[in-house]
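Following: one structure in structure tokens, then a few remarks.
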Amino acid sequence: MVATCLQVVGFVTSFVGWIGIIVTTSTNDWVVTCSYTIPTCRKMDELGSKGLWADCVMATGLHHCKPLVDILILPGYAQACRALMIAASVLGLPGILLLLTVLPCIRMGHEPGVAKYRRAQLAGVLLILLALCAIVATIWFPVCAHREITIVSFGYSLYAGWIGAVMCLVGGCVIVCCSGDAQSFGENRFYYSSGSSSPTHAKSAHV
């Protein structure tokens, strides 16, 4: 029962974290830039934000972004962070799908518990790799960007990335280390049997 709960917790945590990674990858509010104080920059229309895909200027009621499409002049750290975040987003899809198939409520024929166990371990490893890619990118980008521009604060995209990466890391570690062994995956399967008096639910143990 404990292993089953940990599997569900690992799946939910990882799924929410993966959504956060996708939000971070697709948005541009990574760092807020300003050469003066924020109120002064707002008055002078010089408050901006920088992300993987665009540089934006935020004025009162306006939000103008300039896409970063010229790869030749794009800094190396920005290209590397793009690659890391795209890899993290892509790795999350097979990881979540594999994790979905090993949940106790999902049954794929009469497969042995060891098959579910191996898929769970693979899903956990993918989620951990996803988290490491996101952590490196979300730390590397603001550090390198600070050398080029004046950063006054972090944007919501960066916070979403940090939270998502930590959740995926925790979820992956729970799946790999704490969700039981191959035997527990075989035992956590339920079938429906109707008796002569009333319907009952029974657990089937597979060796």
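A Cβ is built for glycine as well, from the same backbone N, Cα and C atoms used for every other residue.
Feature annotation from Swiss-Prot assigns transmembrane segment to 2-22, 83-103, 123-143, 158-178; the stated evidence is sequence analysis. The feature topological domain 'Extracellular' is assigned by Swiss-Prot to 23-82, 144-157. Residues or ranges marked as topological domain 'Cytoplasmic' by Swiss-Prot on the basis of sequence analysis: 104-122, 179-207. According to Swiss-Prot, the feature phosphoserine maps to SER193, SER194, SER197, SER198.
If you look at the transmembrane segment (158-178), the same-chain residues 6 or more away from its ends with a CB under 8 A from one of its CBs are 3, 6-7, 9-21, 23-24, 27, 29-31, 85, 88, 92, 95, 99, 120-121, 123-128, 130-132, 134-135, 137-138, 141-142. With a cut-off of 8 Å between Cβ atoms, the residues of this chain six or more beyond the transmembrane segment (83-103) that come close are 7-8, 10-11, 14-15, 18, 21-22, 24-25, 52, 116-117, 119-120, 122-124, 126-127, 129-131, 133-134, 136-137, 140, 161, 165, 168, 172, 175, 185. Distant neighbours of the topological domain 'Extracellular' (144-157): 23-24, 27-35, 37-38, 49-51, 75, 77-78; these residues of the same chain sit at least 6 beyond its ends, with a Cβ under 8 Å from one of its Cβ atoms.
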